[in-house]
Amino acid sequence: MEREECSSSESGWTTYISSRMEEEEEEVIDEVYYEGHIIEKDRRKYANEYEINKDSDDSMASDASSGPSYHQTSNRGKRREGLALRNGKGESNDVYSHRIDDKNIGNLISRKKEKKKSENKSRSHKKK
């Protein structure tokens, strides 16, 4: 027979026992919590990079022959790289996948809200 490991602590006359299952649930909750912070950190990083790259510094250009600065197109290149290498391990891929995940989460929340509204409407019609 396999023994389940338990930890215990005493308080007065009562002994409290916590099982491994409760500890595993706490670990899962911690993982979800920290994963949310990582996603938010990546989202802010992407937003900051976008803000930096969208403004170009063409003030040094003296005539039309100098043309636009090259860093204007660098943001597009990163986005294309993210789309082309979806299964790769690049940083832009992580940003891309988080944007898609965030969009899907938003859609899921919207669908749940719509479902709840329709359920409430059907309940109110049944009561009348």
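Cβ atoms here come from the backbone N, Cα and C positions, even for glycine.
Annotated range for motif 'SOFL-A' in Swiss-Prot, selecting from 11-16, 23-28, 35-40: 11-16.
Checking Swiss-Prot for motif 'Nuclear localization signal' across the ranges 71-78, 111-118 points to 111-118.
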